Amino acid sequence: MTMAIGGLISNRNLGSFIGSGNGFHNQRGIHGAEISSRAMFRYALCRNHHQPRKILSLQASLQHDLVVHRTSFGCFLQPGNLEHRSLRFKNSNKNTSRPYYKSSEESDITEEVVDSLSSAEGSAEAILVQGNLQNASPWWKQFPRRWVIVLLCFASFLLCNMDRVNMSIAILPMSQQYNWNSATVGLIQSSFFWGYLLTQILGGIWADKYGGKVVLGFGVVWWSIATVMTPIAAKLGLPFLLVVRAFMGIGEGVAMPAMNNMLSKWIPVSERSRSLALVYSGMYLGSVTGLGFSPMLIQKFGWPSVFYSFGSLGSIWFLLWLKYAYSSPKDDPELSEEEKKIILGGSKPREPVTVIPWKLILSKPPVWALIISHFCHNWGTFILLTWMPTYYNQACTPNFTYGLLCVLPWFTMAVLANVGGWIADTLVSRGLSITSIMQSIGFLGPAFFLTQLSRVKTPAMAVLCMACSQGADAFSQSGLYSNHQDIGPRYAGVLLGLSNTAGVLAGVFGTAATGYILQRGSWDDVFKVAVGLYLIGTLVWNLFATGEKIKMRSYSLLCFISLQYCRRTEQNRARVKM
């Protein structure tokens, strides 16, 4: 029976028999015989019958059976067109232009064979229906699994910044209700970084050892609970609020290392820049969403509603994460072999890290180039994040719409981050190195537009310069932020934890230094410091950074500089030849 079904499926074009509908002009006018699954199943099994002498009558019996039962089969058979449907038998020489009937003895044998198969009709129809369903599977089942991981990481980063920026809006009515002064407000805002600094490196170690799914899922649940607990902690007292905010920082601190670990395993090199750009754009859109919805919720339902509503969204994300996310492709049972080949590219899946070679990692110049560049980059980014509203208030006309001023640069950054990702992947697909190009834009672009702020006289031009600065900064997602996976994919989580720790320290020191500078100087002095660090980062990056995987061998700094010079020379020669 199985051999007969396999022979039928492999040697017959099912599309010409089932559901094609090409021969239907009306209910009676048919140009082709539409044979139902019941008839096909009977024909398939009769091919394996032990009386080949009697099989010649099967064609006529099927014609008769289909005409008699045409109302139940849902098809109509025109005998003259059997030849066009390729329903032929090797031993049959009869003319099929009209129904052909054998003797009553042979007809009885055929009916006996057909009756004996009545119990198997359901399974035949199930087999054929299953084949049709496989050919017409819904689009969401054909969506690449690796991009499901990317979208889930994007959603987690969206929630991350929504839960982070809501305090900057809710702190205003909270300070009025609890009579907090500016020093207390600053203490509450900074308490987030206590926990955030703590789990940068630890999050990378945990992700490399236990998998990104566990660590990122833990982080989202942890910071969502802390967000919901914020109003309760505020009512209990200031110490409880400081602890809850630090706990929230602990949860968000593992997000970047865990995400970086997962994408290093799931995303091929040709799609790395655009995937990272999409995930990091979730942070910028989270800022836009949080800054946009928080005032409306506070005005209508009170400030606690911001924490309750935003924090509860984490539970929905966590359910989707449990169902669809896996730490690596080898853990996903629904991943197709074709997509697995695209992801792995012929290489074997990496095993979890058990021992981290700290000495070797910290001895590599590209690692230190990554750490220093991350510090220089985040100095300017955190200044704009924390001091931008104050700058608009002091340097521009006070009647301008501050909400639009705060949101527009981050929205521009979200858009251009994805544009830069597509450009980077396109250049990589053409064999070009994008490590220096993309990060140089990410450094020199903001440096240029920040120098123009001292010359603008209108709020519109100030917003334009800020938006262009942040838009150019977004190209760093395809340079600095994707370099961890390039130079050390096995230790991508640890590398991001190291560099992001330096980035967080830049945010803490840069925010405090800006206040000190403004007490004795002006905004021009603030922007000059940021521009100077952007230039230092550009120099360090172009001298020591690389887009190639570094080998765990020790060599001197002079040797590394020589190798970098030779590689750059070869790349320039290749470009000239092209």
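In case you wondered, yes, glycine gets a Cβ from its N, Cα and C as well.
What you are looking at is a predicted structure, and each value in this text was computed from that prediction instead of being measured.
Residues or ranges marked as domain 'Major facilitator superfamily (MFS) profile' by TrEMBL: 149-549. Under the heading transmembrane segment, TrEMBL lists 147-167, 187-207, 214-234, 240-263, 275-294, 306-326, 400-424, 431-449, 493-514, 526-544.
Contact between the transmembrane segment (240-263) and the transmembrane segment (147-167) is present: at least three CB pairs lie under 8 Å, with pairs separated by 6 or more positions in sequence. The stretches the transmembrane segment (526-544) and the transmembrane segment (431-449) are in mutual contact, each linked to the other by at least three Cβ pairs under 8 Å (pairs 6 or more apart in sequence). Counting residues 6+ beyond its ends, the transmembrane segment (147-167) has Cβ neighbours under 8 Å at 188-189, 192, 216, 219-220, 223-224, 227, 230, 245, 248, 252, 255, 259, 262-263, 266-267, 275, 278-287, 289-291, 294, 306-307, 310-311, 313-314, 317, 320-321, 324-326 in the same chain.
If you count C-beta pairs under 8 angstroms between the transmembrane segment (214-234) and each of 275-294, 306-326, 431-449, the highest count goes to 306-326. Residues 190, 193, 196-197, 200-208, 212, 256-258, 260-261, 264, 353, 356, 361, 367, 370-383, 385-387, 480, 484, 487, 526, 529-530 of the same chain lie 6 or more positions beyond the ends of the transmembrane segment (493-514) yet place their CB under 8 Å from a CB of it.
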